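Scroll down for the structure; my scribbles are underneath it.
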């Protein structure tokens, strides 16, 4: 069921990225967020209830709530037309927790791939904080990050896991480089964004001086 949750999260993040690009209707995407959010809140409760109750089992299952409540919050905020400030601060909290999961992935589970994925998720949640709570105009940039992550951290890994090949050495090696290339792409997009914002500020200053 965890793989199914990742699979559906990939679909949700894909739709959210299209919404940020202005390609998908906000209310329509908001409804899908509610569907997947509800599933990812109900599912971990059940999985924890029937688990062996070991603390590492609960630790691994608890992270599903991070996605579930994020999607529910996005869905309600979008459908009700609420201010996104609260969602932004929640995203900051989740980004911090995601870093904790990344550290644990390295130190306890010795899983570099999972750690990189958690770092990428932490970055995305932090971007939502910058946009919604600090009013940074970076929706298109966030859309690019979300679009890539919907495939390389969720959809494709879920499919590979469902087919039983995710943990093979070959796939692990390939996916390490896929994640590194994705991070490089994010860095390039960040540089372009900074240059664009700098040019925009300079143009605004020129207009003010000339006026």
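The backbone N, Cα and C atoms fix where each Cβ goes, glycine too.
The transmembrane segment annotation in TrEMBL covers 6-22, 29-49, 55-75, 87-109, 115-134, 141-162, 174-195.
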**Prompt:** the transmembrane segment (6-22) vs the transmembrane segment (141-162): three or more C-beta pairs under 8 Å (separation of 6 or more)?
**Reply:** yes
**Complete:** Long-range Cβ contacts under 8 Å made by the transmembrane segment (29-49), restricted to residues 6 or more beyond its ends, are 1-2, 5, 8-9, 11-12, 15-16, 18-19, 57-58, 61-62, 64-65, 67-79
**Request:** Could you give the residue numbers and ranges of same-chain residues that sit at least 6 residues beyond the transmembrane segment (174-195) on either side and whose C-beta is under 8 angstroms from one of its C-beta atoms?
**Result:** 112-113, 116-117, 120, 123, 138, 141, 144-145, 148-149, 152-153, 157
**Request:** Please indicate, using numbers and ranges, the residues of the same chain that are 6 or more beyond the transmembrane segment (87-109) and have a C-beta under 8 Å from a C-beta there.
**Result:** 56, 59, 63, 66, 69-70, 73-74, 77, 115-116, 118-119, 121-123, 125-126, 128-134
